[in-house]
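Participant: Pasting in a structure now, in structure tokens, and then I'll have a few things to ask.
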Amino acid sequence: MVSSRPRRRKRASATQLYQTCKAAGTCPPDVVNKVEQTTVADQILKWGSMGVFFGGLGIGSGSGSGGRAGYVPLSTGSRAIPPKSLAPDVIARPPVVVDTVAPTDPSIVSLIEESSIIQSGAPSPVIPTEGGFSITSSGTDVPAILDISSTNTVHVTSTTHHNPIFTDPSVVQPIPPVEASGRIIVSHSSITTGAAEEIPMDTFVVHSDPLSSTPVPGVSARPKVGLYSKALQQVEIVDPTFMSTPQRLITYDNPVFDNIEDTLHFEQPSIHNAPDPAFMDIITLHRPALTSRRGVVRFSRVGQRGTMYTRRGTRIGGRVHFFKDISPIASSEEIELHPLVASPNNSDLFDVYADIDDIDENILYSTIDNNTPTSTYSLYPGNSTRIANTSIPLATIPDTFLTSGPDIVFPSVPAGTPYLPVSPSIPAISVLIRGTDYYLNPAYYFRKRRKRILAY
């Protein structure tokens, strides 16, 4: 429980009261005596100090520290301190002379002592003042002059043909001969002098194999777009212009072309009516986003309103989520599929690629029961692969021999003589069949009639 006791206000000091009430003459006596030092204690100190002088003992209204040197007993005198003797093997240093500084001397004292200049490095060369030495020769003849006649220039050309088919690239070709004079033209791929050096090369292989036996694919979390929070006002837009040119719903002006995929900024006057009332006071329209909400594809943009102005000129307002549903997401169609289940009986399985000689003839000529509308028959040799059977619905028909596949040839049974009626309803025509051709009986040939010519 919090106490409801009022706080105690600090009282003004005596000095503050004296400054405010002295001019009005309403100061209390104790405040005036304390500030003006006219109390009884102050008067005793003033009268006593006229006849008694205590010096620097510190006796007074201050702290009783006994002055700078402290309290010293009056009956005891000072004690002499014997000088310290030095060890016999220690040599005392000469005393340091202290230079006194007169009041007229400069206040800045140089601490750098003057020292002699020491020259370092090699000594400077000494130039002789006397003349140089003279050269004497035993001969007095004229010096010999060699006559070097100019000769014709000889051009030496050396060409090396490099055939990569018959030359090993690792073999270093010899350097062509070099003459003292002339021009040398060398044609080769490369020249290596000295022993060849083998540099180990590392193969850079990008390993895409997993580093662990059970790798977990790293799926980066997609940023969550908070478009449906309580801080955003939800406004549905029906006009399709919102998707192509949203600036037409905010301002009547024709601004310079802006990329609608980026954030749009609008500078509107204080009094402005937007073409669409839903976009009133919109100063910023952020970039679009495609989301899915309750089975539909939704086109969304977040806008910032500038409803109020602050004293500094800043516009503040709420945030709005404008959205338009594009199209619904159709649910997936369900297709009824028949399960492919193998027969529990292994004797009903048959491999269509098995050898026909290994199949029992009793199975080949087995018949199908007429009373069963749907039957499954297949053959199964022991060494063949297990294959799932297939159910085929059959109608009620006479007995039929089973054919298991197109790759199996069964023996055919010869058919009997077709039945002919005893008394045919139409006369039979005799046809003689001989080989691949036939002809009618000459008795059935019609005679050629002569065409009569009528005279007019």
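One-based numbering along the chain as shown.
From the backbone N, Cα and C atoms, a Cβ is placed for every residue, glycine too.
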Participant: Which is it, of 185-193, 257-265, 446-454, that Swiss-Prot names as motif 'Nuclear localization signal'?
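Facilitator: It is 446-454 that Swiss-Prot annotates as motif 'Nuclear localization signal'.
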Participant: Out of 1-12, 61-72, 121-132, 301-312, let me know the one Swiss-Prot marks motif 'Nuclear localization signal'.
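Facilitator: Residues 1-12 are the ones Swiss-Prot records as motif 'Nuclear localization signal'.
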Participant: Using Cβ atoms only, which residues of the same chain lie under 8 Å from Cys21 (disulfide bond) while being at least 6 residues apart in sequence?
Facilitator: Cys27, Val31
Participant: Where does Cys21 (disulfide bond) sit by DSSP, helix, strand or coil?
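Facilitator: In three-state terms, Cys21 (disulfide bond) counts as helix.
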